[in-house]
Amino acid sequence: MADENDRGSGLRTIALLKQIAESGNTFTIAQLSGKASLPPSSVHRLLQPLIKEGFVERGPSQSYRIGSELLRIASLVLRQVDAAVLARPILRRLWTEWEETSSLAVYKPTSRNAVVVEIIQTPHPLRFVIEPFTELSLTWGSLGRAILASLPPAEAEDAMRSPAAGPLSGQPPLTRAAMGEIIAEIQAQGFAQYRNEQVDAAGVAAPVFRADGSVLGSIGITAPAQRLRKELVPAMAKAVQAAAAELSATLGYGPP
C-alpha cells in the first residue's frame, strides 16, 4: 500500500511539474489545481518539497514562480541535447576514419560521473558494446578519465573520494597515488587511454570544453584491445583530440 501511495504521489508531482513548466512567469495554487485536476490541498502539499529543493519559489500575493534549481536542471539538459546534436557529424567522421565505436560522454556534476549521450557503434561483429545513456565512472575507462583530468582539483578529489571497483573486470580501486599519476599523464599528453587485456577492452578519449572553459565531457573511441593495438594509439589520439577540439570550438571554447 505504501508503494502504491508513493507511486501515486510521484505521478501527481510529475503532472504538477508539467503544469508549472507551462504556466509562464507566475502561477497560483488555484491555477495549478485547475490545470492539473488536483484538489488545492494536494497542490499545496506537493509544492512544499518543490519549494524546499528550489524547484519552485514563492512570489508576491500568494503566487509562485519557477525556481532557480529547476531552471538550472533545464539548462543542463538543453546543453547536453545541443552538444549531442552538434557532435553527431563529428563522431560520424571519426567513425568513418576508424570504423570503431565513437562516443560523446557528458559530465554529471551532481553525481560525479558521466553519461553517454551520443554513440555510433562499430560495424565489426566483435565489439566492445556501450549502450546509449550508459553511466560511466570517472576513475575507469578513457571517457571518464579524460573528464576527471579536466576537472578543477577540488572537484576531481571529490570524484575520487569513493572509488569504485572496475565495472568490467572487478579490479580493486586504484590508490590515490596511482590515480594522481594517471591524471598527470592525461594532462600532459592531452588525451586519456585505457587498456585492459583481461576483458579485451581499450579506448582513447579527449576532453570537450564549454565556452566558459569548464569541461562538458569527452569524445572517444572504444574497441576490443586485440584490435586497438598499441601502435595505433598515437594516430587515434590525434584524431580524437581533433574531434574534441572541433566540438569545443563549436560550443564557443577558445584555448587560453
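Note that Cβ sites are derived from N, Cα and C of the backbone, with glycine treated the same way.
TrEMBL entries are annotated by machine, without manual review.
Quick look at what TrEMBL lists:
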{"type": "DOMAIN", "residues": "7-68", "note": "domain 'HTH iclR-type'"}
{"type": "DOMAIN", "residues": "69-253", "note": "domain 'IclR-ED'"}
Helix, strand and coil totals (DSSP H, G, I; E, B; other) for the domain 'HTH iclR-type' (7-68): 37 helix, 7 strand, 18 coil
Integer average pLDDT (0 to 100) for the domain 'HTH iclR-type' (7-68): 88
